[in-house]
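Asks: Quick one: this structure, given as C-alpha cells, is what I'll be asking you about.
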Amino acid sequence: MQPRTLLTVALLALLASARAEEVEGSLLLGSVQGYMEQASKTVQDALSSVQESDIAVVARGWMDNHFRFLKGYWSKFTDKFTGFWDSNPEDQPTPAIES
C-alpha cells in the first residue's frame, strides 16, 4: 500500500469512529435531556401543588380576618342604630314642668 492510501484509510477510520461517537453522544445527550425534562416537569408539578396549598392557606386566613373585621364593624353599626331607635322620645318619661 502506498503511504497516501494508508493515510487516507486511517483518516477515514478516525472520521468514522468520531462520527459513531458523535451519534452515541447525541443519543446519550437526548436521553439525558428527556430525563431532565421529565424531572423538571415532576418538580414543577410538586411545586405548583405546594404553592396552591400555600395560597389556599393564605387566602383562608385573609378571608377569616376580613370576615371577622366585617362582623365586628357590623355589630358596632347595628348597636349604634339599635341604641338610636331605643332612645325614642315616646319611651322616655317627660320631665315635670315646674311653674
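Every residue gets a Cβ built from N, Cα and C, even glycine.
Straight from Swiss-Prot, here's the annotation block:
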CARBOHYD  Thr94  O-linked glycosylation site
MOD_RES   Met63  methionine sulfoxide
REGION    68-99  region 'Lipid-binding'
SIGNAL    1-20  signal peptide
SITE      Lys41  site 'May interact with the LDL receptor'
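How buried are these features, and what lies next to them?
Replies: Within its own chain, Met63 (methionine sulfoxide) has no residue 6 or more apart in sequence whose C-beta sits under 8 angstroms from its own.
Long-range Cβ contacts of Lys41 (site 'May interact with the LDL receptor') within its own chain (separation 6+, distance under 8 Å) are none.
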